[in-house]
Amino acid sequence: MSGEHSTYTPTSGIERWVDSRLPLPRMLHDSFISYPVPRNLNYAYTFGAMLSVMLLVQIVTGVVLAMHYAAETTVAFNSVEKIMRDVNHGWLLRYMHANGASFFFIAVYLHIARGLYYGSYKAPREILWILGVVIYLLMMATGFMGYVLPWGQMSFWGATVITGFFSAFPLVGEWIQQFLLGGFAVDNPTLNRFFALHYLLPFMIAGVVILHIWALHVTGQTNPTGIEIKTKTDTVAFTPYATLKDALGVSVFLIVFAWFIFYMPNYLGHPDNYIPANSLKTPAHIVPEWYYLPFYAMLRAITFNVGPIDSKLGGVLVMFGAIIILFFLPWLDTSKVRSAVYRPWYKLFFWLFVANAILLGWLGSRPAEGLYVILSQLGTLYYFGFFLVIMPVLGLVETPKRIPNSITEAVLEKRSGGSPATV
Amino acid sequence: MSEHQTSANKMGAPHAGPDGEREPTRRDFLFLTTGMAGAVGVAAVAWPFIDQMRPDASTLALASIEVDVSSLQPGMSLTAKWRGKPIFIRNRTPKEIEEANAVALADLKDPVARNANLPADAQASDLDRSAGQGKENWIVMIGSCTHLGCVPLGQAGDFGGWFCPCHGSHYDTAGRIRKGPAPQNLAVPTFSFVSDTVIKIG
Amino acid sequence: MKRVLSGLLSLALLAGAGAAIAQENHPAQQGAAAPASGEHAGGGEAEAHGGTPHFPIKKPAQMAWTFAGLFGHYDKAQLQRGLKVYTEVCSACHSMNLVSFRTLKGLGYSDAQVKAFAANYEVQDGPNAEGEMYTRKALPSDHFPSPFPNPEAAAAANNGAAPPDMSLLAKARGIERGFPTFVFDIFTQYQEGGPDYIHALLTGYENPPAGVEVAPGTHYNPYFANAAALAMAKPLNDGQVTYDDGAPATLDQYSRDVAAFLMWAAEPHLEERKRTGFMVMIFLVIFTGLIFLTKRAVYAAKEH
């Protein structure tokens, strides 16, 4: 695409017959075989492939788990245990699915960080970025509802706390919460609808992923230099070059994934979720799944009232705001330079942002008391400061390094400067 | 994009030099090995997803039940549930046994006993359909029509045995198919008399 | 590019570390093999910041288990001893609803032994033809029956605190490991927090230190996860259960055996999982190597 002519040439009669009726093979060939990608893509550009694999893993394991799971409060917990104990290979399927959710998020965070570092969200890729944020939001909703299904203590109380966010909104809050729950508390109607939606949302994700890839193939990939493709020498064919690099990245990722599935399947979970849900007894500490922790920390950081907004509503607004702000990223960054490679100050602030996100994640798991609260507040301040102050201002004041004229030039410079990239 | 043509065998083309003959061969072997390893991996991953469809351990564990038949007088039946299917247990009257014995084996649509307690080629004589010598009055069958699995009605049909209302299969008093679309006699499950009045099925 | 790559890799590592935080609740020093002094371990950094006390007072010691590690497997003799301890002691109050007798074959028993063992129990069945519920001898397909008819009865008989079901106890308990131990745990694949805790709790009963008030009906145990004392009195003592295989009849041995048995009860497919895992890892490493070589060959052809 990107103005290229199709290089697909049907060789057999059958291929010609199909091509003139439904040119699907042509589309796949043009998108995943002859499609030109920048020749300097590094392994940070393989996270998309990992995400595709994880989406597939989650859908396939999820569909077979649904064959054995029962979404009814009195039997849900036991049906999961039946999968673990009696269903053939059920333990494997469930551990794949449970850890798969975590690895899906690990991959998505890496993918987002790659986008932030190399400025992948900048014009003309705004829609591509926004679709990505939509996918991330859908993933969060899916992950949350999936965690409720085993109907353990953390399932139940996590659902209670998270739907409780909505009660913070004045006037309509309580109505929204009851609407979501289908009752006055988390109960059977909640579990049933969460199961239905948990089954539905991944397919919506898959749909948005197709749009995401479509948008990607319209604008073309960015690359570590942030320079657009100018000539054919700047590119290589998707297959075999990008395909093999992706395959290697995915394969290494799968090794780590398998390590968790087979050797520490419960490491990323919480022991309390092996206790059946009890609506009369809250666990000592409620912690969401690790991938929500930074947002959870920001929720709890707001311990003070701001004018008419009390701390509860303030926390909820900050938490939702932390995600909503991502939609506006393409317009918050004022820099003309795309890649952090040529932006020394942005690079520094970017790594601080990463460290801050990890710090917030850790704080989200701590009790909300003492120094932890103050650190969470500072972390929240930096999170929003990064997007609302640093990004707009830095773009105007920062002096970027010299940028090569083309991708090819950048590659050649690098090769002559450092060790030749024969790998 | 033509210089980046995709198929693996062209990959070595730029190398076609003095040692160009050896290199592509080694590479082809590598590509083949990697591809095969990938195929093996995909096949291995597919297995758990297929395996999970088979009956699970708890289902297989419910393999046997015991039924008390002390209250069944001749001419009475009961239906028990075993492996999710109805089991017909009937204490037959002498007349019913006589009727069944009167049928020549050559007239049967299915001449095989279909009795899990006997060899697979046992003949469908009334004795071999029943609980055996001395217990000819007892007949124990899976109440699932051999046509498409409906539950036949008792003491009905043209032969006074069982009649399947779904598609009109007629069974005689020994549960043998006599008329209609069903291909086989009603199956006799593995069973035994634990005592004179208790039957263990499975 | 190398620098960016290493940056992203370290980010990946940090993300993994962040992941681990999820299951952490308290920071505290890792209890080494020897139990730390109460004051030291209890005063983790969290306590310094707030008034709420943090439990447990002492961290469980890390025990050696046969089922730990890459090639972990259950010691069947130990599981059989653990079953004996459960049957003779724990089962008086604790149910084990999710475990069926048939699975006891995993402890090395034969079909006939399992059937005989199940027949020791009475289970309710029915209704019969008259509409009455009745009890019968348990079959291998039955699950361990509960000692109490319902949770309310269990609570009423035990000072208001229903004894927890033991089917998943070894996975439903685990004391937080704290930073940086939880990062090392990824590499040592430590997953035995449950059995370690159970062993520590069973062997950890002691007299409350001077000045510590223990509520009536509760028993001081510095290893208890949620408070200084728990409702369960010390359940096991030296010599209480007679072993047939010559293993020492000590509290420590009982605690190890029953903890191992509960791990089996919670994760009966552990051996299969680790075996499968090893084959998967070998395959993936070889496959990754092959992809690496293929990729290198393809890129080498390009660079001219």
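Note that Cβ sites are derived from N, Cα and C of the backbone, with glycine treated the same way.
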Listed co-binder of heme c (same site as C:Cys90, C:Cys93, C:His94, source TrEMBL) among C:Met63, C:Met133, C:Met232: C:Met232
Distal contacts, the transmembrane segment (C:276-294) - CB-CB under 8 A, six or more residues away: 70-71
Mean predicted confidence [pLDDT] for the domain 'Cytochrome c' (C:77-266): 93
Neighbours of C:Cys90, C:Cys93, C:His94, C:Met232 excl. site residues, C-beta within 8 Å of centre, heme c: C:Val89, C:Ser91, C:Ala92, C:Pro163, C:Met166, C:Pro235
Cβ neighbour count within 10 Å of C:Cys93 (heme c binding site): 18
Spatial neighbours of C:His94 (heme c binding site) that are distant in sequence (at least 6 apart) but have CB under 8 A: C:Tyr86, C:Pro147, C:Pro163, C:Pro164, C:Asp165, C:Met166
Nonlocal neighbours by CB distance (under 8 Å) for C:Met232 (heme c binding site), same chain, sequence gap 6 or more: C:Cys93, C:Pro163, C:His219
Local Cβ density at C:Cys90 (heme c binding site) - other Cβ atoms counted within 10 Å: 22
